């Protein structure tokens, strides 16, 4: 055992002490908190009956959504194959649970302690373990290899922040990553990052971003209900989606400047983390405009709606005339613009979009999105768009064209993974009961 693994678990335990308050919050969010704790310690009760099981780990909502089309295709082409979907968060569980059925089970992903990982692997006994995006956990990679379970990354990406962290342990990454059987990445930049960290070129394939394959998730009936509830008929709707601290104050300033010139303008302010609702409400109260919370049991005609519930942003995108995507005016890396682009909406975004760099670059080049830098550029661009409905509709069509042209990664990934999906894998017998 290398020095790294000797140090890793004690360090993970120390980190766990700091993670404890976050875990307690997660337990409060989870209606099935006992199952959360049980499964995170590796105690998984496998309920599906199948000769071959594929385990797909999708950490939270975005990763589950990205995996949906792949799972649909996998079920269609391999109906006899069982699928275990794991998530880390209760919100991820909520999105994944509708996929559950006789051949699909949804569980929580184990903590990366050797004991937890081994218990989970021995319970599930997957023929292949697929990790979505950037889930690089040393012990599960190590023990999957020991148990003769092919493990790899799909829709792989490495954010700027994660890449900087990995540089500190580049020597160790060069020992860990070659244990992966495959790494299917979403863009050229991420391909180069995985290669620079020591993953052999033979294991890295550029297949595109699976998030382009996500079908529209808005509910047309709910869209009409929201339109009637907030009396949006005849209004221009500006949706500021997935905003972070520091962005809401700027959006509210711009809205206050736009409103006199565009009296029928309404703002839907959707913080990325609903637990920040009190803070956003306090900021909004400092304006002179009437506002309401989305979870309030009232019908009204507010100037500002604060979206403080999960799972509704897609429906509000359907009502939007203009969208600003948050996480992009601060050094967060930007939020996913594919959903509003699919809804044919023109998009404003800041310069910090490293999480979805390739997507934003293509949207900008096609004229489906515009980069802004501060209050002044946000104001000038928003004002121009709101006064030219035809131009902003054309912008939305360009955005839609980009995401349509880039679909197909899920099918490409499935075809590349066929050797592992069809393998007659048998778990290393010496590892079954250790």
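Each residue, glycine too, has its Cβ placed from N, Cα and C.
Looking up the ranges 6-25, 26-45 in TrEMBL, the one annotated as transmembrane segment turns out to be 6-25. Reduced to three states, the DSSP call for residue 63 (active site, proton acceptor) is helix.
Distance from the CA of residue 63 (active site, proton acceptor) to the CA of residue 211 (site 'Transition state stabilizer') is 8 Å. Remark: residue 133 (site 'Transition state stabilizer') has 59, 63, 66, 153, 154, 155, 156, 157 as non-local neighbours, by Cβ distance under 8 Å and separation of at least 6 in sequence. The Cβ of residue 211 (site 'Transition state stabilizer') has 27 neighbouring Cβ atoms from other residues within 10 Å, across all protein chains displayed. Other Cβ atoms within 10 Å of the Cβ of residue 63 (active site, proton acceptor), summed over all protein chains shown, number 27.
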